[in-house]
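Here's the structure we're looking at; comments come further down.
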Amino acid sequence: CHLIHYLRLSHHLIVLNYLICTFDKLKSVSSEDINITDTVFDGVEVRVFEPPAKRDERLKRSVIYIHGGGWALASARTSLYNNLCRIMAQSLNAVVVSVEYRLVPEVCFPEQFHDALRATKHFLQPDVLAEYSVDPSRIAISGDSAGGNLAAAVCQELSKDENLTIRPKLQALIYPVLQAFDFNTPSYQQNMNMPVLPRYVMINYWIDYFNGNYDLAHSLLINNHTALDVGQALSFRGRLNWTSLLPSSFKKNYKPVIQTTGEAEIIQEIPALLDVRAVPLLAENETLQLQPKTYILTCENDVLRDDGVMYAKRLENAGVEVTLDHFDDCFHGCMIFTIWPTDFSAGVQTRNSYIKWLDENL
């Protein structure tokens, strides 16, 4: 894929996603247990999973799900996410709406955010909820990895929209990516070479999402973009101080990497690095106070572990009820790997814990 990109035959992410979806994409296959339909919500493609109506049941609960893949890969229609959403719909007897947002490099930030927001707001309209027999008071928004990023950002945006009459009751974030401020948190240092999502890969995903230049990767890695002399970053520093937000069991013996002098031009070139629609962990406390009851799943062997733990702490400090579900022996992306040939016990374990929380709280 990278050779193709180097030769300028195509973008490597286009080729990689083509390979993934060619071998894995499913048609809309309904069954007696679940009716699956592909439709469009305000210009955004979605896949809807509907369990059959039960006797004497009027309204169902619902989950809006946003898939991961670094804002660039995968699909609501791939077997891994199709399987996850089908099991969620069956286990919860809930209508699950899986959002098929546009991907990098076709579009970059903020278009993925706008797609997820438009689809969500469309579904939250009273007449649309009535069409799907959904209880307006029992809706969750959820996502994994980059989808967790979008779910958190959309939830923050909805909480500030005074015109909305219906908002999610819950948010459930699975190993979410929430900040591009500090690439040297303890989990980034501890897991920098961990398979599935090494640190350099996550940095490249951010660069692709922002349509930036790969030449900036090393400067981002050493936090030059948030050095002490970068004025634009100063007001955000207190919101992402992992020395106070992380418990000692996560901080271990790692030390902060804070540059005295850096490169302010990086923020000028990519201002989205400090845009809360892209980096929800940097939101102000007034916004965090408006967030619904929250579930955050984190894995020890994951560069993004501390993103989720810090968000949980900030939400808790803002008065939000939070469940932090941490797995010491699991890795980034594990929850979708539950079908052959990648049927891992870590996937089943995390998925069951996530669905159990939704079942008890939604």
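Any Cβ shown, glycine's included, is placed from N, Cα and C.
Sequence-distant neighbours of Ser145 (active site) (same chain, 6+ apart, CB under 8 A from its CB) are Gly68, Gly69, Gly70, Ile174, Tyr175, Pro176, Val177, Leu304, His332, Gly333. Annotated active site per TrEMBL: Ser145 (among others), in sequence order.
Long-range neighbours of Asp302 (active site) (same chain, six or more residues apart, CB within less than 8 Å of its CB): Tyr175, Ser187, Asn191, Met194, Leu197, Cys330, Phe331, His332. Here TrEMBL flags Asp302 (among others) as active site.
The active site annotation in TrEMBL covers His332 (among others).
Per TrEMBL, the feature domain 'Alpha/beta hydrolase fold-3' maps to 63-220 (among others).
Taken from TrEMBL, the feature domain 'Alpha/beta hydrolase fold-3' applies to 275-335 (among others). Note on the domain 'Alpha/beta hydrolase fold-3' (275-335): mean pLDDT across this stretch is 97.
Residue environment of His332 (active site) contains 25 other Cβ atoms, counted within 10 Å of its Cβ in all protein chains.
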